[in-house]
Amino acid sequence: MVTLPLLLSILPLAAVFSSAASLQVRENHDCASIQPPQVPGAEILSVIGVQRRVEVAPFPPSPSKPNTTIDICSVNVTLSHMGVNDKVVVSVWLPLPDKWNGRFQATGGGGWAAGTFDLLMGPAALEGYSTAGTDAGVTVDPGSADKWALKEDGTVNYDLLENFASRSIHDMAIVGKAVTESYYKKPANYSYFYGCSNGGRQGMVEAQKYPDDFDGILAGAPAIYWPQFLTSTEWPQVVMQSEKVFPSQCVFEAFRKAGIAACDKLDGVEDGVVSNLDGCEFNPFALVGKKVKCGEESTTITLAQAWVAKKIYDGPKSTAKHALWDVLPVGASYVGLANSTIENGVPKIAPFVIGSSWIRSFLKKDVNFDLSTITYADMPKLFQQSIDEFDKIAGGSNPDLSALKKSGTKLLSWHGLADELIHPQGSIKYRQAVEHRMGGGSEVDNYYRLFLAPGVTHCGIGVNDGAAPIDTLKVLVRWVEKGEAPETMPATATDASGTTTLFTRNLCRYPLVPRYKGGDKNSADSFECAKDFGSHH
């Protein structure tokens, strides 16, 4: 039974990888004498720098790749915003001077954690980047905001929400670049942001509000339209609770596989991946009466289970059948949002922790609120309340990228088409809104490009049906530093061990799609980026 969704499995619940070791200080690069940075609107409380030897785990996580040990200067800058009474920690890791590549990389968070720290900072430092992460002054708990969302009087803590939503990412850029310059005695040649999920949202917010912070921003699977996205994660739970039907993950997996089988060929090649989502129509009721093997036993799909699967696939709707948010993409897993559990023989909902924290703390303003009481009729009201109260501060979906265009900064985004948590339609919707606002696709391509990855899960972590992008940051660096605007992004599908490549693909620049030309379907060379998939029946 999966109790914590995939999103949390990629996040360290505590930064515990590191062990300190004393090292000789080289040349004039004194880790203990970092100059306090100047942060507008904030007071620096402390700057503590120590030489450390840290163990870096590979990212994405891989059981076959060993950890690596590197020496760094580790600097913690603690600051407080004027009149807020918060305490924000920005952690900066600096490779020793002979290992520095001359670049700075800020790293993003995931879930309710503003920073993932070691998880992303370690690999960045290993590549030679000076790198930073921030806790935004909130608890480093990716699963919940319950401990900080509300003030003692029961009202929303808008100061900390603003930290989490945008302010602390900007602060991290200022602090990280200043500490980098203080240590190496010269500024970074180029600065980058790297994040996925909430980290992707952070990157999009930087592009919208503070584009001068970075030369390049990589935003994977961005959790933009944050109020709508988080509210929508409760929909599968409302469906199961309302219908009093709680299909097992094995039954849900049968529906997922049937959806892939129904739509796989629409892109011209049968490869276990749905690339043509727009042309895909899947009828869950076709499975009624079919037997599926679940462990040692077989079970028969019921009409009630198919009805639940259909309602979840169709996405949140009002009682008048008005769409409130996006549908679950065919091929995406139900695991994560449609979990249930059994207590004393009785099936119960098991809500997605990140979304349930949103509803409890920010919408209901009651950390003890019982989510099982939410009905179909409640959903439109929750969506509207979410937008009304929080879109301005946390939406991350402003299509006006005038400042980004003017800054010269490049924004590179990608999204898995089988993202089970943050559905890819949000990224497509946002890109279309930007095109409408900023003068069309070819104009926007000068500074913002989107790549879609068929069959790829949330942030590409774990086993994917499709090919997940690799070397995404290198693609961005080439665009920023050499002017090589990407038409494609390399991607690979691997086995569960992560060591064997099953097939390769080139992800296409939106709105182009991968059209099969013929030949070995496991080779990226057998596909071309085209305006459509061609005619297939």
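Note: Cβ is positioned from N, Cα and C throughout, glycine not excepted.
According to Swiss-Prot, the feature active site, acyl-ester intermediate maps to SER197. The Ca(2+) binding site annotation in Swiss-Prot covers ASP264, ASP267, VAL269, ASP271, VAL273. The disulfide bond feature in Swiss-Prot is assigned to CYS196-CYS459, CYS263-CYS280, CYS508-CYS529; the stated evidence is similarity to another entry. Per Swiss-Prot, the feature N-linked glycosylation site maps to ASN67, ASN76, ASN189, ASN339. Look at Swiss-Prot and you will find 1-22 tagged as signal peptide, backed by sequence analysis.
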Nearest of the recorded positions (SER197, ASP267, VAL269, VAL273) to CYS459 (disulfide bond), judged by Cα-Cα distance: SER197
For CYS280 (disulfide bond), the number of neighbouring Cβ atoms whose distance to its own Cβ is within 10 Å equals 18
Inside 8 A of the center formed by the CB atoms of ASP264, ASP267, VAL269, ASP271, VAL273, which other residues of the chain have their CB, for the recorded Ca(2+) site? LYS265, GLY268, GLU270, GLY272, VAL274, SER275, PRO454, TYR516, LYS521
Listed recorded positions among ASN67, ASN76, CYS280, CYS508, CYS529 whose Cα sits within 10 Å of VAL273 (Ca(2+) binding site): none
Among SER197, ASP264, ASP267, VAL269, ASP271, which are recorded as recorded positions, the nearest neighbour of ASN339 (N-linked glycosylation site) by Cα: SER197
Compare the C-alpha of VAL269 (Ca(2+) binding site) with the C-alpha of each of the recorded positions ASN67, ASN76, ASN189, CYS196, CYS508, and give the closest one. CYS508
If you compare CA-to-CA distances from SER197 (active site, acyl-ester intermediate) to each of the recorded positions ASN76, ASP264, CYS508, which comes out shortest? CYS508
Of CYS196, ASP264, CYS508, CYS529, which is closest to ASN67 (N-linked glycosylation site) if I measure between C-alpha atoms? They're all recorded positions. CYS196
Please classify the secondary structure at CYS263 (disulfide bond) using three-state DSSP. helix
Starting from ASP264 (Ca(2+) binding site), work out which of the recorded positions listed here (ASN189, CYS280, CYS529) have their Cα within 10 Å, and give them in sequence order. CYS280
Compare the C-alpha of ASN189 (N-linked glycosylation site) with the C-alpha of each of the recorded positions CYS263, ASP267, CYS280, CYS508, CYS529, and give the closest one. CYS508
Please name the residue among the disulfide-bonded residues CYS196, CYS263 whose C-beta has the most neighbouring C-beta atoms within 10 angstroms. CYS196
Rounded Cα separation (Å) that holds between CYS529 (disulfide bond) and ASP267 (Ca(2+) binding site): 12
Check the Cα-Cα distances from CYS196 (disulfide bond) to the disulfide-bonded residues CYS263, CYS280, CYS508 and tell me which is shortest. CYS508
